[in-house]
Every structure is written in C-alpha cells, then in structure tokens.
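*Asks:* I have a structure I would like to understand better, so I am pasting it below and will then ask my questions one at a time.
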Amino acid sequence: MRIVVSGGGTGGHIYPALAMIREIERRTPCEVLYIGTENGLEADIVRRAGIPFESIEISGIRRSLSFENVKTGFRFLKSVVRVRKLLRDFQPDIVVGTGGFVCGPVLYTAAKMGYKTLVHEQNSLPGITNKFLARYVDRVALSFKGSGHHFGKNKGKTILIGNPRASEVAMLQIDPVEEKRKYGFEQDRPLIVVYGGSRGAPAINKAVVDMIPKLTETDWSLLFVTGQVHYEDIQAQLGTLPDRIQLRPFIYDLPLILKASQLVISRSGASTLAELTTLGLPSILIPSPYVTENHQEVNASSLVETGASLLIRESELTGDRLFDACTKAIADQADMSKASLALGMPNAASDLVDELLRLIQRKN
C-alpha cells in the first residue's frame, strides 16, 4: 500500500494522521509520504517519527477581505504544480488529508488527477479547507455523530469513524493504581487532573488557583498541569502545598495518569475529547473562545447533552463556579463515566484503515 498523507498546523491535525499511519503499518506493508509545510508543527513531529516528509508553501485563507488572500491564491496554484509532481513520482494508492490549510492543494490536486481521496474531520464543525475539499474527494470521515449536515449536498460522502487518536489511547496498558503511586497520590482520594493544553490556559489556571483554598478542605487530590510558561508564576503564588495537590509544567504521558483520575478539567479540542471518551472519564470542559467559529464549544455539546461533561464558558469561569462544578461531577462520577464511555470510539484507527482499503479496492 502506498499512501500520501497531509495535515498540519496544529497537533490536532497531525496526531490523528500519525495514529492512522501506525495502524496501517501494523496491518499491512506500506510506503508513506507526508506532505506538510515547513512552518507548521508537522515539519518537526513527522520527521521525528521517521516518516518521509515533503513540504509545500501555502497559507490559510483569511475570513475577511484581504490582500493576503490574493497571495494565498497564488501560493495555492504554485503548490498544485509541486504536488502534481510529488504524486506522479510517488504514485499513491490513496491520498488522505487530516485537516489544516496544507490539505487544500494536496487533496484537490489528488482528486483532479484521479487518485482515491479521503479527508478526516476531527471537529464537530468542519473547517473551511475540509468543506471546500468535500466537493472533490471520495469520502469524508467524521469524528462526531450528527456533524455530516455541515457538508451540505456532500453529506452523502460522509461516514462516522471517530478520531484515530482514541485507538492509541485505548491500546495503552495502564495500571491506575501504579500511576497514582508514581505521583504519590493516595488511592482512596478522588483525583482531579487539570490540563489547559501544552501552553496552558491562563483563565483556567487563575480559576484553579482561586479554587485551591476550598479544595484543601475536601478529600480530593489535584494534579494541576499549568503549561511551561505559567509554571513558575503559579508555583510562587501558591507556595507550599499539601502532597495531594501537585503542580507540573507539562506531562508527556498524560493519558497514563488520566486513566487513574476521577475527573478532568480541560479545553474541548477534538483529540482531548477522543481521549476522555475512550477512557470513560467525566469532565468539566472550558472551551477555548479563541478558535475558529467557536468550534470547541460545538465539540463539547455532544458530551454535555449526554451527561458526560459539564460546560463552563471562559467568560463565566470563576474559582467558586469551578469548585461547585467539581463537587457536582465527583458526586455524579459513576453516571458521567458511563455516559462518557458510551461516546467513545476506540476502534477509530482500525475503522479508518478499513475504509481506506475499501476505497482502494473499489478503484481496482
């Protein structure tokens, strides 16, 4: 199997692609070519993963009228020429996009050249690039039930798959008792994990800092992942803390300790929600208000509606409100966990590869 993969800009587009690639490699001999940009995170992440990487020069379309969009149009045409050569040289069986503006010229060119094509949409609300590409590709893989209508007349091309990142988390061998022991947490105390993303989230951090005096009066444990940039300031603010409240700037193997937790406080990015539902974790979601079309709040809605999560908008976030939400979630943990697990799609990577193989066989 020869496959070209494109997706980039943020980890939310890259890590699902890598999860899919690893599942393909596990199941069948394959050759992979990844097409991204040098400015996106994919240039480093994909190369570090040992996957052949080629870059094109492309930028995103601005939603307002701008001369930059004219320049983007020229870059798009230039990229089409380069992608055409890369595809002719590599001769893939299928071309897959996982989101980000880099997918635009790659999947568009592949479809026009007659290659089988699929795009994977991680969010409930699709981005501009994937909505554009839906007109040309053979299949659109969805991560959230009910999001197909956003593709309009191309809804018939959609298939519910889930986020491949979930499959990697599902396959981890995790001993919750051992994970708590590593951090020095007592087994019989409910553990809350706060994670605002790799850079941290200042609004979440402030609310947690404000909540900690009340938290010390409970029997809860807290793992507070602040983000590298904020760690020293928060450490100075809080001073000496009891052992059951721990600060970390960042955690590389976060899913391991998540499995040992009873509640997670986080943003509602697509990969985060895939991890939470695969592990069946209750959550308090605080969507980022800084993302396109408020898609994180749309992502969170399916978890909130089924009782798997509580939602607090950042504009309404305070330490007291967060503490009250924690109290409710800890009390309702069993029901929220059951609802969360019911939304999980742990076989997403395998199901996605099955769909790729079906598309390839149809060609033949």
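We count from 1, first residue shown onward.
Each Cβ is built from the backbone N, Cα and C atoms, and glycine gets one as well.
Worth saying up front: this structure is predicted, and the values here are computed from it rather than measured.
Quick paste of what Swiss-Prot says about this protein:
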BINDING   THR10, GLY11, GLY12, ASN123, SER198, ILE251, GLN296  UDP-N-acetyl-alpha-D-glucosamine binding site
*Asks:* Would you identify the secondary structure of SER198 (UDP-N-acetyl-alpha-D-glucosamine binding site) according to DSSP, in three states?
*Replies:* coil
*Asks:* Could you check what DSSP calls GLY12 (UDP-N-acetyl-alpha-D-glucosamine binding site) once collapsed to helix, strand or coil?
*Replies:* helix
*Asks:* Neighbour count first, Cβ atoms within 10 Å, every protein chain included; then name which of SER198, GLN296 tops the list of binding-site residues.
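*Replies:* That would be GLN296, with the most Cβ atoms nearby.
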*Asks:* Which number gives the other C-beta atoms within 10 angstroms of the C-beta of THR10 (UDP-N-acetyl-alpha-D-glucosamine binding site), all protein chains shown included?
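*Replies:* Excluding its own Cβ, THR10 (UDP-N-acetyl-alpha-D-glucosamine binding site) sees 17 Cβ atoms within 10 Å.
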*Asks:* Taking the Cβ of ILE251 (UDP-N-acetyl-alpha-D-glucosamine binding site) as the reference point, list residues of the same chain whose Cβ is under 8 angstroms away and which are at least six residues distant in sequence.
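*Replies:* When sequence neighbours closer than 6 are ignored, ILE251 (UDP-N-acetyl-alpha-D-glucosamine binding site) has TYR195, VAL225, ILE257 within Cβ distance under 8 Å.
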*Asks:* Long-range same-chain neighbours of ASN123 (UDP-N-acetyl-alpha-D-glucosamine binding site), Cβ under 8 Å, sequence gap at least 6?
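*Replies:* Those within reach of ASN123 (UDP-N-acetyl-alpha-D-glucosamine binding site), by Cβ under 8 Å and sequence separation of 6 or more, are SER143, PHE144, SER147, ALA270, HIS295, VAL298, ASN299.
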*Asks:* So for GLY12 (UDP-N-acetyl-alpha-D-glucosamine binding site), how many other CB atoms are inside 10 Å of its CB?
*Replies:* 22
*Asks:* How many angstrom lie between the most widely spaced Cα atoms of the UDP-N-acetyl-alpha-D-glucosamine binders THR10, GLY11, GLY12, ASN123, SER198, ILE251, GLN296?
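*Replies:* Farthest-apart Cα atoms in THR10, GLY11, GLY12, ASN123, SER198, ILE251, GLN296 are separated by 24 Å.
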*Asks:* Taking the Cβ of GLY11 (UDP-N-acetyl-alpha-D-glucosamine binding site) as the centre, how many other Cβ atoms fall within a 10 Å radius?
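*Replies:* Step by step: centre on the Cβ of GLY11 (UDP-N-acetyl-alpha-D-glucosamine binding site), count other Cβ atoms within 10 Å, giving 18.
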